[in-house]
Amino acid sequence: MEIRRRKGSDSTNLVQKTNTIEIIKRFDAFPKVEEDYQKHSSSGGCITIAIILTLSLLTFFEISSFITSDLRYEYSLDRDFENKVFFNVDIVIPMSCNFLGPDLLDVAGGQMKSSSVLSEQPASFQMSKKQEKWFEKRKKLRGHTGQDLYSSLNDIFRLQAISSSPLPPLTDDEIPETGFDSCRIFGSIPVNKVSGNFHIFIGKAIAHPMGHSHLNAFIDKQAYNFSHRINSLAFGDKSSVVNPLETEIVIAEEKEMIFQYFLRVVPTIFRTSRYTTTRAYQYSVTQLHRVITPGKRQAHSGIIFKYEFDPVVVTIREREKSFWHFVIQLCGIVGGVFATSGIIHSMFSNLYEFVRKYRADS
């Protein structure tokens, strides 16, 4: 008798499960069609292939957009006006160091005797193979940042690591037999965050009550050659960003020429999604080069970098996209493609049937 009860209990449970499954089936929003009743067509196959290609392409674009973080720009007044900023320069001029006088002035009345801060050493204007490779690498980085800012702040830090490598020095075997023909002026000068200019003229600078002058009366003008190679020119941290004047080579067409560079310096703060903060000073540049006409009272031959600090700070903030937003976007793409393709396929099928019947009747 106990065995019969178990059998009855099992059959009752089986009936209940069957009823439950039948009830669940009634809620099926995706009814199935028997394979014998399905009709395959070439148009349907083409639509299916188009759906697969479209979904693959849109999914690829969506994944690329998700991987690339968004950059948000914010603007505020620069309230940090008391601290000084380092002006970093590394320039090579094909003249003797004894002929050149670098100096820096600003509108606040500050004058920096650059000879006591900057270093001067004999150099070769012609670069070695190692230096040419270093030069070309930095020039490519400068071209990359000119075409497109940055896809993410991680690219900025990657460029920093590459651009921070110094210019490789000449080995004993690479020194020209004729000796050094140029002067390399390099170093860092603390400057006020006001307008000013850094210039390199003929003759050493001397200060006097009326300002300062350059002693150039005893230097033959035939020795003038203000062609120059800018290895580096930056404000703040040298390795913060790739600047537009780095790896710039300019050849003077005449003995007496003046080269002017007008720099607009913009304080910039980079904030990554991981709360890493980097402060830099980017600048835009406008160049003006002209020949000095003999006999006319004009500016002295030389190189002038006129700079002006912008009072606005640009904050570039990295913002990562939500993973769930990415999933919802993918679901929307899949649903939209299937719905649209179904409508298009239905329209073409109905149009085809209409044309076929019209031709049959006629």
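Cβ coordinates are placed from backbone N, Cα and C, and glycine is handled just like the others.
If you look up TrEMBL, you'll see 24-111 marked as domain 'Endoplasmic reticulum vesicle transporter N-terminal'.
Marked as domain 'Endoplasmic reticulum vesicle transporter C-terminal' by TrEMBL: 180-344.
Long-range contacts of the transmembrane segment (46-67) within its own chain (CB-CB distance under 8 A, at least 6 residues past either end) are made by residues 321, 326, 329-330, 333-334, 337-338, 341, 344-345. Residues or ranges marked as transmembrane segment by TrEMBL: 46-67 (among others).
Positions annotated as transmembrane segment by TrEMBL: 323-348 (among others).
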*State the residues, same chain only, that lie 6 or more residues beyond the ends of the transmembrane segment (323-348) and have a CB under 8 A from a CB inside it; answer 'none' if no residue qualifies.*
43-44, 47, 50-51, 54-55, 58-59, 62, 66
*Where does the mean pLDDT land for the domain 'Endoplasmic reticulum vesicle transporter C-terminal' (180-344)?*
84
